[in-house]
Amino acid sequence: MSLQWTTVATFLYAEVFAVLLLCIPFISPKRWQKVFKSRLVELVVTYGNTFFVVLIVILVLLVIDAVREILKYDDVTEKVNLQNNPGAMEHFHMKLFRAQRNLYIAGFSLLLSFLLRRLVTLISQQATLLASNEAFKKQAESASEAAKKYMEENDQLKKGAAEDGDKLDIGNTEMKLEENKSLKNDLRKLKDELASTKKKLEKAENEALAMQKQSEGLTKEYDRLLEEHAKLQASVRGPSVKKEE
């Protein structure tokens, strides 16, 4: 394997490892968000878009080159004279096998690049939704406690007004009632926002689960291709060993 394809294969292995690492269930999105917000990652993200575009262009060129090689060595019978050169068939099969292997490596590297970028985006969105959900929940709890407190004070004021109507300041009572209504409205708004945030969070979790299932399917497909690669390599090496014997 040449240096460029060794580099692409190493990059593919790193992508598979990164996808599996991001799909680990016991690492919460909040922890990943802390990692994404670190100085080192932010420095990488600063130049990340340019690097991603350059990477995609390189991988697309490699895929095109692999397809060109496959088409070049696809029809062996029209290009090889078996009577004058009987060993050329094995040579062409070897070239075709390498071209197909390179296509798999470059294609999966390109696919996992988009998958990895999308997975990081979904994890960041899920962490943001979780944080906002907790903030809304705390606001709703504090508003609920304040509303209960003002309702108790309102009840006490009503009892005091019933017992000592002449001594009670009517203006303060009306102010408390208005504050109570305002707090009830705020509590209702916070509950609506909390319900909306929960729906967004469920949607993000479903998308993350779908991406995880997709990455697991890609990993299984990659393992299957590795097994086919090993079988093809063994079948190609077999005739060569027999010929040398």
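Just so it is clear, glycine is given a Cβ too, placed from its N, Cα and C backbone atoms.
What you are looking at is a predicted structure, and each value in this text was computed from that prediction instead of being measured.
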Shared topological domain relative to the membrane, GLN4 and PRO29, Swiss-Prot:
no
Any idea which of 214-217, 242-245 is down as motif 'Di-lysine motif' in Swiss-Prot?
242-245
Residues from the same chain, set at least six apart from the ends of the transmembrane segment (7-27), whose C-beta lies under 8 A from its own:
1, 59, 62, 105-106, 108-109, 112-113, 115-116, 119-120, 123, 212, 215-216, 218-219, 222
Long-range neighbours of the transmembrane segment (103-123), counting only residues six or more past its ends (CB under 8 A):
5, 8-9, 11-12, 15-16, 18-19, 22-23, 29, 32-33, 36, 52, 55-56, 59-60, 62-63, 66-67, 70, 204, 207-208, 211, 214-215, 218, 222, 225, 229
Intrachain residues whose Cβ lies under 8 Å of the topological domain 'Lumenal' (2-6), provided they are six or more past its termini:
62, 102, 105
The topological domain 'Lumenal' (2-6), counted residue by residue under DSSP: helix, strand, coil:
4 helix, 0 strand, 1 coil
